[in-house]
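Notes follow once the structure below has been shown.
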Amino acid sequence: MGRAAQAVIHLSAIRHNYRLAKRLASGAQAIAVVKADAYGHGSAEVARFLEPETVAFGVACIEEALELRASGITKPILLLEGFFTEDELAVVSANNFWTAVHRPEQITWIEQAVLTQPLNVWLKMDSGMHRLGMAPETYAAEFKRLKASPNVESVVLMSHLACADELESAYTYQQIAAFDQATSDLDAPHSIANSPATLGWPSLHRDWVRPGLMLYGASPFEDAHEYADQLMPAMTLQSEVIAIREILAGDAVGYGASFRADKPMRIGTVAMGYGDGYPRHAVTGTPVMVNGQRTRIIGRVSMDMCGVDLTDIAGVEIGATVEFWGANLAVEEVAKHCGTIPYTLLTCVTKRVPRVYC
Ligand SMILES: *Cc1c(COP(=O)(O)O)cnc(C)c1O
């Protein structure tokens, strides 16, 4: 009934992908990263499904972590972006959240806090990405401050990589050298690997890996990859053809009349647009599947609709299923056509699109 736009979420694919991360990093523990509503897949549903398999979850911030607690998740939840104000610490401690710490003031707040339980802190080093983290030169001193505080139960040594999706990147080797040198005298577990490092950099698995994107079945790599190719896509974004028209050579389709037919064509109008999160950057020629057959987007994507080329595919009627990405059309390929990455396509599917779990 009603508008057919939906995102079908294959929870068993997410489990398969999580198990692949665990198998590849078999000496490490794996945090399931479910920030940004589990990359658009629904964090409560994904976390509930994965909870029997995981040791902990990763989210960006306290708001996302509290949402998981409200939906019944009891395993530890790591705040990857840390906390922002001193008064959050009581919530962090009371809810068994683990937290990144990336600047010295946060350590002062921890030292001064009155807490119900001591904290599990992930001390972040800026090993070269220049986004968050302590400088390598001050890292050991900050570690010692944390270890000396009765408000700290344990510390994990953490960093994040700028170029892990480029296998054999010299920049990654530099970051690792900086990290290893600054931590050589510190006795604590390490955590460095995101999805690309979990898939492609075994020496960086260390004690805790933090896979995000790979759980949802998208490859972080530009090219084919032995392990990334074993991932199963978790989201199928689909809708239906709601109108069909025959156009003549010279006729235009869509806003701006930017597409002009050079021959008679059959055009399907589909209930899917940028108001659903399907990108307006999906220009004419972006691949799409209609009734299981590959064809292309025609004209500009509007807010609620877009056009698809039915000229050369047989038997399409109103109500035909259209897949925008999923099991039969890789989100990575669509992302490339749109000049973006699978991360943005998956996280930008809007609330208007019902998630259907299977
Ligand atoms: C988002 C995030 C991850 C997961 O990254 P993917 O590339 O999606 O695997 C890991 N670590 C940190 C600190 C993050 O912010």
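Residue numbering: from 1, along the chain as shown.
Glycine is treated like the rest: Cβ placed from N, Cα and C.
Annotations in TrEMBL come from automatic prediction, not curation.
As given in TrEMBL:
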| type | residues | note |
| --- | --- | --- |
| ACT_SITE | LYS35 | active site, proton acceptor |
| MOD_RES | LYS35 | N6-(pyridoxal phosphate)lysine |
| BINDING | ARG131, MET303 | substrate binding site |
| DOMAIN | 234-358 | domain 'Alanine racemase C-terminal' |
| ACT_SITE | TYR255 | active site, proton acceptor |
Enter the number of other CB atoms within 10 angstroms of the CB of ARG131 (substrate binding site).
10
Can you name the residues of this chain that are 6 or more positions from LYS35 (active site, proton acceptor) yet have a C-beta less than 8 Å from its C-beta?
SER43, GLY58, VAL59, ALA60, GLU64, LEU80, GLY212
The domain 'Alanine racemase C-terminal' (234-358) - residue tally per DSSP class, helix then strand then coil:
19 helix, 45 strand, 61 coil
TYR255 (active site, proton acceptor): tally of other CB atoms within 10 A of its CB:
13
As a test of the contact definition, list every same-chain residue at least 6 positions from MET303 (substrate binding site) whose Cβ is closer than 8 Å to its Cβ.
GLY273, TYR274, GLY275
Whole-number Å only: compute the distance from the Cα of TYR255 (active site, proton acceptor) to the Cα of ARG131 (substrate binding site).
39
Need the DSSP three-state call for ARG131 (substrate binding site) to compare against my parser.
coil
